[in-house]
Amino acid sequence: FQGIFVLGLPYALLHSGYSGLFLIILAAALCCYTGKILIACLYEENEDGQLIRVRDTYEDIANACCKKLSPKLGGIVVNVTQVMELIMTCILYLVVSGNLLSHSFPYVPVTEKTWSVIAFVTLLPCVFIKTLKIVSKLSQLCSLVHFIIILVVMTYCLTQIHQWSWEKFRLSVEFEDFLVSVGVIIFSYTSQIFLPTLEGNMKNPGEFRCMLNWTHFFACVLKTTFALTAFLTWGEGTKEVITDNLPSFLQTLVNLCLLTKALLSYPLPFFAATEIVYACISRGNHSNYRSPLFALGVRGSFLLLTLLMAMFIPHFALLMGLTGSVTGAAMTFLLPSLFHLKLKWKKLSFLEKCADISIFILGFLCSIAGIVCSVKGLLEVFG
């Protein structure tokens, strides 16, 4: 929940004003809810009324919903969407790593693409990751680095408290700028892709809902506090990535921390994407596809693919925005609410049905708005 997107929240407040604070809270509540209903789709009641986990993945849920139309259609759509978003996330981390290294060492005569290759070399051990436990250890380190970054920024902001003024907040906002803010805020909470695997690996899955409540609550408090203090410090001068507002002596330190965070963040989407592809390929009775050597080949191919795409795709940020608008909204809002309505319709109350339908409509509108803004940006770039 506390990814690189968090560093863009003060900029989102610049364009959304007071409504941005409300959006940060609303997005936390909606994403927490869709996470719960997605996991609810993994379970069915047995004859004794006990909940039994009858599905393991997002793909299983999709297949259950589309089995009358086509037994595997839903799973294919979900897998393609998941892999697209995960790969684009991995590529983004490589691009960011190259950018941060070039800004941290401007006196070294090396291009940004070369720096991306150097960052890629440090990620080669990812091909040997076989379990989520290793990924969780790296994610813990990633969280620690992230809190160091937040601490540095907020400490500096608190030293400038004499400059704070609520007059910096705007009541009226431009519609297109507001849409950009909505995208940044909503997608800073997205985690639905990982939830079925996470819940399945918990020692006590019964604590999942409680865990989701507390993590979203603390994420919301941290995001609101961070975005507010940073925006009150720099006001109209707030930049897209808030660390660019820091004095030069702090920028290098924070950039190196961001680099560490980007490299430690890479294994989670990489592991999830390769597991999905490997599971799809090895399904069946082909023993060759289930060999450790083949799994190593799949992970190695994915690693190389992310490097090549990071180096050769032009206007990556705009393409990332377009992909995120389609896959992010679909995986976070559209599909969880749709699947929940399909699988649990007879057991849902009227209010639960209204909530699911409202979230589906909201996700659809966010997706359309994001696509329009991204396509408009691409058209401007290509003339």
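Cβ coordinates come from backbone N, Cα and C, glycine included.
Copied over from TrEMBL, here are the features:
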DOMAIN    1-373  domain 'Amino acid transporter transmembrane'
TRANSMEM  20-43  transmembrane segment
TRANSMEM  76-95  transmembrane segment
TRANSMEM  115-132  transmembrane segment
TRANSMEM  144-166  transmembrane segment
TRANSMEM  178-198  transmembrane segment
TRANSMEM  210-233  transmembrane segment
TRANSMEM  253-281  transmembrane segment
TRANSMEM  293-313  transmembrane segment
TRANSMEM  319-339  transmembrane segment
TRANSMEM  359-379  transmembrane segment
Given pairs 6 or more apart, does the transmembrane segment (144-166) have at least three Cβ pairs under 8 Å with the transmembrane segment (253-281)?
-> yes
Relative to the transmembrane segment (253-281), the stretch among 20-43, 76-95, 115-132, 210-233, 359-379 with the most Cβ pairs under 8 Å is 76-95
Tally Cβ pairs under 8 Å between the transmembrane segment (293-313) and each listed stretch (20-43, 76-95, 115-132, 210-233, 359-379), then give the stretch with the top tally.
-> 115-132
Between the stretches 20-43, 115-132, 359-379, which one has more Cβ pairs under 8 Å with the transmembrane segment (210-233) than any other?
-> 20-43
Per Cβ pairs under 8 Å, the stretch of 20-43, 115-132, 359-379 packing most closely against the transmembrane segment (76-95) | 115-132
